[in-house]
Amino acid sequence: MDYKQTLNLPDTQFPMRGNLPKREPEILEKWQSMGLYEKMEEAGRTRPNFTLHDGPPYANGHIHIGHALNKILKDIVLKSRRMKGFYAPYVPGWDCHGLPIELMVDKKLGKKKRDMTKVEIRKECRVYADQWVKIQSEEFERLGVMGEWDRPYLTMTHHYEAVTARELARFVEKGGLFKGKKPIHWCSSCVTALAEAEVEYADHKSPSIYVKFPFDGELPAELNDLAGRKLSFVIWTTTPWTIPANLAVCLNPNLPYAVVETGDELLVMAEGLVSGVMQELGLENYRVLKTFEAPIFERKTCRHPFYDRPSLLILGDHVTLEAGTGCVHTAPGHGQDDYVVGLAYGLDVYNPVDNYGRYYEDVEFFGGMKINQANGAVNAKLTEVGALLKESEVSHSYPHCWRCKKPIIFRATEQWFISMEANGLREKALGHINDVNWVPRWGRDRIYNMVENRPDWCISRQRSWGVPITIFYCAKCGEALEDSKVMDYVADLFEEGGSDLWFDKPAKELMPAGTTCPGCGHDEFTKETDILDVWFDSGVSHAAVLDNRDYLSWPADLYLEGSDQHRGWFHSSLLASVGTRELTPYKSVLTHGFVVDGKGKKMSKSVGNVVAPEEVIKKYGAEILRLWVAAQDYRDDIRISNEILQRLSDAYRRIRNTARYILGNLSGFDPSRDMVADDQLLELDRWALAKLEDLAGRVEKAYEDYEFHIIYHAVHNFCSVEMSSFYLDVLKDRLYVSGTDSIARRSAQTAMYRILDCITRLIAPVLSFTAEEIWAFMPGERSESVHLGEFVQFPTSFRDAALEERYDNLLEIRSDVSKALELARNEKVIGHSLDARVLLSAPAGATLELLEKYRDQLASLFIVSQVELVDDLADGLTGENLPDLKVKVEKALGEKCERCWNYATSVGDSAEHPALCHRCVAVLTDR
């Protein structure tokens, strides 16, 4: 007789292979056809709200691996919150204005752009941005990210532009907006001001020069004995091109300075830097003649090296001993510290450089010259006049434009600023930073330091594609009309016709009838031509999105972006909200690191180490990308490589195989009919459910705390160690051999059903496709998608400290027995573990008591045919985990049962089934 037909062997159509690249699009199609996101939304409307506000990526180019990391993290957060009983809508957004898009359109238009109006150029930009919104939307959806893809927020919609204009009006209303001439980051290539967040630092080689500024005037009384001698203050700079803009030399009021004699010359520098500077200048024969305190030279003058004008000696605390000479070349038009200290001394904010990075034509010696080519000419002039002491080259970190990657400059121009001091914006923002939960905690210090030290916010840009700064100027007296009511009127027009109106219509048609200049009464006006910084655009998204969709909450529960956004979107959103509402727009801020290659190196097309999301999806599926996101501690830089993805693919396979094995053994199981009551479950099954409950608690807490890597390790460990290596392995005999409806088998199936049901829900936020696939194969009545369900609640706890402690000890004994079985296998005593009879001995005590309590279950726990407790095993193997345990493995007694493969002395006792053991005969008799 073929006894295989009498066994309860696993049976499932759930595929062994994930074949994710093919299967995932089918699942996406199913979600779309069933309207899954809409059903999730509908089901959650009455629940507590959890709003994650999406930071808008640029609508420009295909998504990269950093985008994938960010969107998947957000999706994991939202899905886990929904499964925890929250209403968690997701409104994706796109940043549609700004330089990245305008430059791409410029490139596309080429020479045609010269003959186009601003409105025509803006229309091209809108078409371009719209095209990339659609492409990126599909790419994000392919990752399994669920949201309102058909109703995103775009910073270029009429409504959004109107809100942006209104938020600017609120700053005007509160007196926070002003126009001034200050040095700002300027890109001569892109011809526009740049925000702090648009500046990247990269290694750059610059000239390094030491220059003499000859003292001109009467020496202080303390140095009278040096009268008549040639005295010069020595400065050091890496920007020779700024020497034509020099107006002062700055000293630290609290540092001692030295007069150094070198031949017939006297050089002034900080005393603490003398030896280093002299070594750098190659001067060995020198001596310090005098030391003095800097204030004795305050407001005295040097001569500019090659212009006939004074260079004022001033004092400033920003001067340090970290580099240079302690005498700082000061050009108020080309540096923030220079500007601030220059204001204190009434210096002109002089800038001799135009928008394109050329000296103005009237700049003596260098007129019309590009500054990046002027360093050599300036050095030559300094040499000619005998002022250059040393010229060399230095490699250092230097600011570059984030778009064109070219070095930028500090340059004073007329710009619009939001004041950090008016209405106490800086102080209020710093205070509110402490109201926010920063994850990780160091995020708080990072943004605090940035806000504490940042200059006024330059919000004007000299480009076409953006929301205009809705300020008018009197055509007669030139005064700016900073009137919030007029600005609100314009915003209402934008609501209907968009901000293109600003560039299309004359000022008269954009203003309320009867508007006159408050200064001179004139009624003719011109319009501001600058547009708003895109960081202001995205910074007001809390007002444009959260305040305008009634199903979202303000402030948001969470902002989640890369760590670069402490100086970007987190920063601009904080200032935009505190400046108008005196509240933060977010309760919590979570940041992740950057994606690097497997060796921890930055990704670069030139190096060839870029990992593209679409390539990963084609090879492994989006699911492995999602698992990669969850498996990493995202707070640091996150590594990715084929090796890492392959390792995760193997881990995924183990999780999938665990699910498949359980599904196979749930064949024919109907939860409504076959579930065993909690108090009827076998002890091993109760232990498994206790471990499940522990896992569920840890995983749910990890979701709540955004510790996703804990989830990956916990679930993977549970599936591969506690389930596959022990529990499911031990269950095989009971599941396959026991009677179909026996309590032993139904108890195991009940536990497995509950385990799979719980785990499928637990992994759904991460392995969204696979969880859905498992869900479709689960027995019993259930919702049409796992994503419409919630995490499992345990109304009756299975946790039992005494039970879990007993099984911890049994597992240690099992580990020692497994080692003994492996030795016996190597010595050819046995082949399979079922060939074995295990002898155990232990002295009186806890171990022996445990063995005696579980005497009848030990064989199934060890997956051997027989276990016998004996008084003494002198030749037994000493346990590694339990040194008082002795283990010996022998060949099992009796014959091998053809049905269960266990050895038993009862095989042959049955005339009807002579090849079976008593247990199998009993099962067949009861059928």
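Numbering starts at 1 and runs along the chain as displayed.
Cβ atoms are placed via backbone N, Cα and C, with glycine included.
Feature list (source: Swiss-Prot):
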{"type": "MOTIF", "residues": "57-67", "note": "motif ''HIGH' region'"}
{"type": "BINDING", "residues": "E561", "note": "L-isoleucyl-5'-AMP binding site"}
{"type": "MOTIF", "residues": "602-606", "note": "motif ''KMSKS' region'"}
{"type": "BINDING", "residues": "K605", "note": "ATP binding site"}
{"type": "BINDING", "residues": "C897, C900, C917, C920", "note": "Zn(2+) binding site"}
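Structural mapping of features recorded in Swiss-Prot.
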residue	record	DSSP class
E561	L-isoleucyl-5'-AMP binding site	strand
K605	ATP binding site	coil
C897	Zn(2+) binding site	coil
C917	Zn(2+) binding site	coil
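Each residue contributes its Cα atom, and for C897 (Zn(2+) binding site) and E561 (L-isoleucyl-5'-AMP binding site) these two points are 62 Å apart. Apart from the site residues C897, C900, C917, C920, the chain places the Cβ of V737, E898, R899, W901, N902, A904, V907, L916, H918, R919, V921 no farther than 8 Å from the centroid of the site's Cβ atoms, the recorded Zn(2+) location. With the fewest other Cβ atoms inside 10 Å of its Cβ, the least crowded of the binding-site residues C900, C920 in this structure is C900. Least packed by the Cβ count within 10 Å, out of the binding-site residues C897, C917, is C897. Secondary structure by DSSP for the motif ''HIGH' region' (57-67): 3 helix, 1 strand, 7 coil. Here the candidates are the binding-site residues K605, C900, C917, C920, and by Cα distance the one nearest E561 (L-isoleucyl-5'-AMP binding site) turns out to be K605.
Cα spacing between C917 (Zn(2+) binding site) and K605 (ATP binding site): 68 Å, rounded to the nearest whole number. Taking the C-alpha positions, the distance from C920 (Zn(2+) binding site) to the residue listed as 'ATP binding site' comes to 66 Å. Its Cβ taken as reference, the residue listed as 'ATP binding site' is surrounded by 7 other Cβ atoms within 10 Å in the chains shown.
For the pair formed by K605 (ATP binding site) and C900 (Zn(2+) binding site), distance between Cα atoms is given as 60 Å, rounded to the nearest Å.
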